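Q: In case it's useful when we look at the structure, here is the feature table from TrEMBL:
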TRANSMEM  14-31  transmembrane segment
TRANSMEM  43-62  transmembrane segment
TRANSMEM  68-87  transmembrane segment
TRANSMEM  99-118  transmembrane segment
TRANSMEM  124-146  transmembrane segment
TRANSMEM  158-176  transmembrane segment
TRANSMEM  182-203  transmembrane segment
TRANSMEM  215-235  transmembrane segment
TRANSMEM  247-264  transmembrane segment
């Protein structure tokens, strides 16, 4: 690591440590969950990697000690793999085998080099790692941009676009960190790129989040930060480009932290389902279909469909209630059924597979059994990670009321 200006390096480290708040705030959404989906686990793994990187690399910049350099680049080498796993879980689709092999092989190679102490100070491997990060960004962005939109629900498509913007924006900022370690005299602003990515993951977890929101917000942050950095440098009488960039990075960091905090707070409000009981009390209970319109008032719900026996003729639907009884639950998720299918085959495996296929075909994430005979199913799509427990609880309450209405319909 080049020596550089000690005060400038300290300022860059402080911005990195300050950025930790944004990662921790986003992680709190998932820490409170007692059960987690694959998507939630992938988000947590990615955020934890980013958090460790933001914490450790500040000490490496200040001290230059090899132990911090090894740790910094060890975590940095794992992050491309974490991003790949996150995007795959978000899309519920596998990337092409070539993309997966490229990212996995690159991560394994640079993890080994980092552990051997050959990466953080090597005049050959450090540029190679920089090229790998840039190539990974191009590959992942291309895979997302050229995705088959017809194979995704509208919510999944918007989330994929959001992450594509984040992946494209993060690299120009992170490259400055690598360029500085290569000996170039540039200001490290990678913390800003990391916070932009964290903000994008929070927006992508919202049913109505989209790429336009992320892009407009990030461009506004860049513009305001550049203006602030210039004014600050003029006021203190130091118009060097490095002074402007460090002031802009700090201001951008603060703005992004506020944006992440507000999004996470709104996320928790959505999870609590404010007004659900009042909405149920005021709902039209003349029929199950009219009552289920309360789902349209829930921000976590991206779509739903009520299926009766006539809609399920292509399936062995008379055994669907058994799937729910075996789990002693009225609400099951597609992820739960997929995990069940990975276990040794059971007597009800065929019916589990049928129900999982129904959810997959309809693009839904949850199934609620409203009535057993004849079977009546409510399928709901809730794409937001961090809301699994809240979603199950709210759907359970709605299902209970719908069951009473359906029972009255049968006996009428």
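Note that Cβ sites are derived from N, Cα and C of the backbone, with glycine treated the same way.
Give me the local environment of each listed feature.
A: Residues 40, 43-44, 47-48, 50-51, 54-55, 57-58, 61, 188, 190-191, 194-195, 198-199, 201-202, 205, 246, 249-250, 253-254, 256-257, 260-261, 264, 267-268, 385-386 of the same chain sit 6 or more residues outside the transmembrane segment (14-31) yet have a Cβ under 8 Å from a Cβ within it.
The list of residues near the transmembrane segment (43-62) in space but at least 6 beyond its ends in sequence, with Cβ under 8 angstroms from a Cβ of it, reads 1, 9-10, 12-14, 16-17, 19-20, 23-24, 26-27, 30, 36, 68-69, 71-72, 75-76, 78-79, 82-83, 85-86, 89, 120, 177, 188, 191, 194, 197-198, 201, 205, 385-386.
For the transmembrane segment (68-87), same-chain residues at least 6 beyond its ends with a Cβ under 8 Å from one of its own Cβ atoms are 1, 39, 42-43, 45-46, 49-50, 52-53, 56-57, 59-60, 95, 99-100, 103-104, 106-107, 110-111, 113-115, 117, 119-121, 129, 132-133, 136, 140, 143-144, 160, 163, 167, 201.
Beyond the transmembrane segment (99-118), the same-chain residues lying 6 or more positions past its ends with a Cβ under 8 Å from any Cβ of the stretch are 66, 69-70, 73-74, 76-78, 80-81, 84, 125, 129, 132, 135-136, 139-140, 143.
Through the fold, the transmembrane segment (124-146) approaches residues 73, 76-77, 80, 83-84, 87, 95-96, 99, 102-103, 106, 110, 113, 118, 160-161, 163-164, 167-168, 170-171, 174-175, 178-179, 181-182 of its own chain, all at least 6 residues removed from its boundaries and within a Cβ separation under 8 Å.
Only residues 6 or more beyond the boundaries of the transmembrane segment (182-203), in the same chain, are considered here, and those with a CB under 8 A from a CB of the stretch are 2, 4, 8, 12, 15-16, 18-19, 22-23, 26, 29, 43, 46-47, 50, 53-54, 61, 86, 126-127, 130, 162-163, 165-167, 169-176, 209-210, 213-214, 217-218, 221, 225, 241-242, 245-246, 248-249, 252-253, 256-257, 259-260, 263-264, 267.
Here the transmembrane segment (215-235) has long-range neighbours at 165, 169, 192, 196, 199, 243-249, 251-252, 255-256, 259, meaning same-chain residues at least 6 beyond its ends whose C-beta is under 8 angstroms from one of its own.
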